[in-house]
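Asker: Relevant sequence annotations retrieved from TrEMBL are reproduced here:
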- N102, N112, H117, E122: oxalate binding site (BINDING)
- H115, H117, E122, H164: Mn(2+) binding site (BINDING)
- C37-C52: disulfide bond (DISULFID)
- 67-218: domain 'Cupin type-1' (DOMAIN)
- 1-27: signal peptide (SIGNAL)
Amino acid sequence: MEHFNKALTALSATLLLVLLAPLLIMAADPDPLQDFCVADLSGTPSVNGHPCLPPSAAGDEFLFSTRIATGGDPLANPNGSNVTELDVSEWPGVNTLGVSMNRVDFAPGGTNPPHIHPRATEVGLVTRGELLVGIIGSLDSGNRYYSKVVRAGETFVIPRGLMHFQFNVGKEAATMVVSFNSQNPGIIFVPLTLFGSSPPIPTPVLVKALRVDAEVVDLLKSKFTGGY
């Protein structure tokens with residue numbers, strides 16, 4: 001009887017795995033089922049992106065873009081940097097392909113503030129100038145801070161979900177181009193999230209978390225009213 005019970009348990013476990021296998025497979029992001037799917041931005045996005053335009057309406061320009069050939073004015077905001085986005089909303093041809101790019105231009109002393117991309121790993125190439133690239137590990141690494149001054153022609157990688165920043169340490173303007181393994185990597189600016197959320201995070205929460213006085217929290221909140 002004992003051998004029978006063990007065999008029955010093993011058989012039950014095997015059947016459970018067989019039943020769960022299709023669910024595990026479906027839990028992965030779906031792969032594209034066509035050569036391309038140019039986004040119909042007027043449609044409602046689904047988990048895998050926007051609906052596809054009919055191939056006859058897509059033309060042949062969707063594979064090419066000149067958007068990041070030139071950058072914006074880095075002095076247009078207090079950070080001294082300007083991001084030119086090239087995600088699916090600006091480049092419909094990347095729909096369902098799981099890629100996107102940004103160009104970031106920096107004034108001397110400009111920064112791309114500490115932020116997180118929750119849905120993508122980032123690979124960057126500095127095309128001019130020199131940038132201090134800082135990456136902060138999770139609690140698993142003891143919140144270790146990794147950094148290096150990256151110069152023109154050099155590259156860096158930011159693991160998905162880790163906080164990071166770039167800071168122009170040179171005397172001249174700097175530029176970098178980055179790519180993501182997501183058509184919509186998302187971005188969470190840490191200072192803006194903490195002090196400029198809508199509705200705002202209650203001040204007592206931030207007082208306790210940051211271990212500062214309420215006056216300090218209120219001052220910081222006043223700096224981020226209206227976003228970046």
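Note: Cβ is positioned from N, Cα and C throughout, glycine not excepted.
Automatic prediction, not curation, is the source of TrEMBL annotations.
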Asker: Measuring Cα to Cα, tell me the gap between H117 (oxalate binding site) and H164 (Mn(2+) binding site) in whole angstrom.
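Answerer: Rounded to the nearest whole number, the Cα-Cα distance is 9 Å.
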Asker: So which other residues, same chain and not among H115, H117, E122, H164, have a Cβ within 8 Å of the centroid of the Cβ atoms at the Mn(2+) site?
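Answerer: My list of surrounding residues reads I116, I158, L162, M163, P185, I187.
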Asker: For the oxalate site as recorded (N102, N112, H117, E122), determine the largest distance between any two Cα atoms, in Å, rounded to the nearest integer.
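Answerer: Per the listed residues, the maximum Cα distance equals 14 Å.
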Asker: What are the other residues, in sequence order, whose C-beta lies within 8 angstroms of the center of the C-beta atoms of N102, N112, H117, E122 at the oxalate site?
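Answerer: In sequence order, the nearby non-listed residues are V83, V104, H115, G124, I158, H164, V178, F180, P185, I187.
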Asker: Ranking the binding-site residues H115, H117 by other Cβ atoms within 10 Å, which is at the bottom?
Answerer: H115
Asker: The domain 'Cupin type-1' (67-218): mean pLDDT?
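Answerer: Over the domain 'Cupin type-1' (67-218), the predicted model scores a mean pLDDT of 96.
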Asker: Among the binding-site residues listed here, N102, N112, whose Cβ has the fewest other Cβ atoms inside 10 Å?
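Answerer: So among N102, N112, the binding-site residues given, the one with the fewest Cβ atoms within 10 Å is N102.
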Asker: Can you tell me which recorded positions out of C37, C52, N102, N112 are within 10 A of H164 (Mn(2+) binding site) by Cα, answering none if there aren't any?
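Answerer: Checking Cα-Cα distances against H164 (Mn(2+) binding site), the recorded positions within 10 Å turn out to be N112.
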Asker: Taking the Cα atoms as reference points, how far is H115 (Mn(2+) binding site) from N102 (oxalate binding site) in Å?
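Answerer: Per the Cα atoms, H115 (Mn(2+) binding site) and N102 (oxalate binding site) stand 14 Å apart.
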Asker: For the disulfide-bonded residues C37, C52, which Cβ has the most other Cβ atoms within 10 Å, all shown protein chains included?
Answerer: C37
Asker: May I ask which residues of the same chain, at least 6 positions away in sequence, place their Cβ under 8 angstroms from the Cβ of E122 (oxalate binding site)?
Answerer: V157, I158, H164, V178, S179, F180, P185
Asker: Any idea what the Cα distance is from C52 (disulfide bond) over to N102 (oxalate binding site), rounded to a whole Å?
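Answerer: So the alpha carbons of C52 (disulfide bond) and N102 (oxalate binding site) sit roughly 23 Å from each other.
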